[in-house]
Amino acid sequence: MRQYKNTEEKGIVESFPVAIVISLFNPSVAMPLLDGAIEHLRKRGFKEEHITVVETPGALDIPIFARMLAAENKYEAIIALGSIIHGETYHYTWVGPQVCKDCQDISRDFDIPVIFGVLTTEHASQAMEALGGRYGHKGVNCVDYAVAITNVRRQLASSQ
C-alpha cells in the first residue's frame with residue numbers, strides 16, 4: 001500500500017513559488033489578512049523572490065488574476081484572500097459562491113492548488129475574529145494549507 005502523508009509540520013520548509021491574490025475591497029480586513037500571510041510565509045522560510053502578491057479592487061476580480069497566474073505555470077500554489085461581508089444588500093449572496101466556484105475551476109483547469117481564503121461573513125466583527133481571534137488567522141492558515149498540499153503533491157509526483 002502506498003501512503004502519502006500530509007505532514008502537519010509548522011516549521012521552516014523548502015521555499016517554493018507561491019502567489020497571493022488579494023481583494024482590497026474591505027481594507028480593514030484585507031490588509032491584516034495579507035500581512036499575516038506574508039509574515040507567516042517569511043517565518044516558514046519562504047524567499048522573497050518566491051512570493052508574488054497581486055492586489056485587486058474587488059473579490060470578483062480574484063479569479064481573473066488567479067487564472068492569469070496559473071497560466072504562467074510557475075507557481076506551486078495560489079492563495080486567494082479577501083473579505084465579503086453581507087451588509088444590507090444581496091450582493092454578498094452572489095459574489096461569495098461565484099468567487100469560490102471560479103477558484104475551484106482554476107484549480108482543476110490548471111492542476112494547481114488555489115487555496116480559498118476569502119472570508120464570507122455576516123458581520124465585520126466575524127471577519128475580525130478570523131484575523132487572529134477565536135477563529136485563528138485565515139492568512140496564516142492558508143499558508144500552512146499551501147505548504148501541506150504542496151508536500152503531498154510532491155510526494156505523489158516523485159512516486160510516479
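All residue numbers here begin at 1 and follow the chain in the order shown.
Glycine is no exception: its Cβ is also placed from the backbone N, Cα and C atoms.
Since we're looking at a predicted model, the values are computed, not measured.
Annotated features, as they stand in TrEMBL:
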- His91: active site, proton donor (ACT_SITE)
- Phe25, Ala59, Leu60, Asp61, Ser83, Ile84, Ile85, Phe116: 5-amino-6-(D-ribitylamino)uracil binding site (BINDING)
- Glu88, Thr89: (2S)-2-hydroxy-3-oxobutyl phosphate binding site (BINDING)
- 12-34: transmembrane segment (TRANSMEM)
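For the pair formed by Ile85 (5-amino-6-(D-ribitylamino)uracil binding site) and the residue listed as 'active site, proton donor', distance between Cα atoms is given as 9 Å, rounded to the nearest Å. Secondary structure from DSSP puts Phe25 (5-amino-6-(D-ribitylamino)uracil binding site) in coil. Listed in sequence order, the residues of the same chain lying 6 or more apart from the residue listed as 'active site, proton donor' and placing their CB within less than 8 Å of its CB: none are present. For the recorded site, Glu88 ((2S)-2-hydroxy-3-oxobutyl phosphate binding site), the DSSP three-state label reads coil. With all protein chains in the displayed structure included, the most crowded Cβ environment within 10 Å among the binding-site residues Phe25, Phe116 is that of Phe116.
Cα-Cα distance from Ser83 (5-amino-6-(D-ribitylamino)uracil binding site) to Thr89 ((2S)-2-hydroxy-3-oxobutyl phosphate binding site): 15 Å (rounded to the nearest whole number). Listed binding-site residues: Asp61, Glu88; maximum Cβ neighbour count within 10 Å falls on Asp61.
Each residue contributes its Cα atom, and for Thr89 ((2S)-2-hydroxy-3-oxobutyl phosphate binding site) and Ala59 (5-amino-6-(D-ribitylamino)uracil binding site) these two points are 16 Å apart. Ala59 (5-amino-6-(D-ribitylamino)uracil binding site) sits 17 Å from Glu88 ((2S)-2-hydroxy-3-oxobutyl phosphate binding site), taking the CA atoms of both as reference points. Once the Cα atoms of Phe25, Ala59, Leu60, Asp61, Ser83, Ile84, Ile85, Phe116, the listed binders of 5-amino-6-(D-ribitylamino)uracil, are compared pairwise, the greatest separation found is 16 Å. Closest in space to Glu88 ((2S)-2-hydroxy-3-oxobutyl phosphate binding site), of the binding-site residues given as Leu60, Asp61, Phe116, is Leu60, taking the CA atom of each residue.
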